[in-house]
């Protein structure tokens, strides 16, 4: 049978569509830049789909802190989490609302299973990762989006969608930002109200009742738009939509560099400044007699704050600052400390981990002095868990210490420590904190506190819009959504603003990205050759 040229073009387009779907569906394509959050493990998994009421996915699940969960707005979204031991991808299926970690509004808190936690950390050694790196990614599910309808029972005992109906989705690769409907006889699309993991429509006073056929329009968090035309559907049955969000990567438009790999979050600039910053503990210190974390022995020194640490260290005793879940040392250049010691000593050591050999140059005496320790002399591992000051002599000393501060390398990102929503753009930063050394905020036991320079806190930059536009999150412009099915997207806007945090080295992911680019170019080359043969 002879195939005409039009059929050749249809075959080529079909091949392109299939290959792009296979490439992108199997990858976790980046949908945001990197942020920092916190993670904790749990033995109890969400049952019955959690608050999102989603079917159990093929990947791990997560419950988000109350403000991050945002009333279910992040149901079904997937995130790649980075800890000291590796990475894992989880899908949001639930929220949590009890306990400080769940109710604070300053940072994302991921509650994940012990199994998933142990892919990135060690649940038998610590129960938090305070410097968690995270990034929204496509879920990598195969197949199409599934849709399920529900309505009210009519007088005949059958489901009636005329005045009220619900709709829920599953197996979507990109989070759903909003859903709109246009029924027969309606003059314009109507936005459905989100109800945790589902969406609800009610006939408005004086409005038209829902008549079929109708069209649903789904807008993804990346601005993509899918339309679904349907006649009256059966209730409570999962229906294959025959469509899927396609992550935009390769030759398709993507505002996120797929070769940039997120690492763990940076530590706060200060370990101690009047108080311990968020995530640091001193309970692993040893052989001491007096330990005061808020001593007033400042000697009216103008370079000190209101409080200092005072510690009577016995012979071979140590002050240990420990951070659960570890911290990366990649961007640490030096450590600065204000310190005085009585009696004077030449035997105070500083090291990462359990032991070390670096001796702080002395003598350290009864006058306050600032010391600077190059991180390189401490022989750091890629990820460390503690920093200690050790009295390596046979007699006791009294040590006062304050303003324990990291100095970051020029390559360190000049952004705030906490990015609670990496898909939006934050307010402009004060000029005083643009440098790497000053661009990290201090934290208290709950979350963010402002540093001396001041940092604008960003909890959620998305707007609760009713017109189909995306959250500006500080003024960045929105972009017109792109329909997957090829229809015009003139009346639908998808906000997808973001900003950079930091990168880490990951050659395997870079190779995977390079492979996808290479495959895309090979595909184009094949198409060009076919066209040359045809013409």
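Backbone N, Cα and C atoms are what each Cβ position is placed from, and that goes for glycine too.
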Annotated range (Swiss-Prot: region 'Disordered') out of 459-487, 488-516: 459-487
Spatial separation of residue 139 (disulfide bond) from residue 34 (disulfide bond) - C-alpha basis, Å: 16
Residue 75 (disulfide bond) in three-state DSSP notation: coil
Structural state census, the domain 'Expansin-like EG45' (31-144) (DSSP three-state): 18 helix, 43 strand, 53 coil
Distance from residue 122 (N-linked glycosylation site) back to residue 78 (disulfide bond), taken between C-alpha atoms, in Å: 22
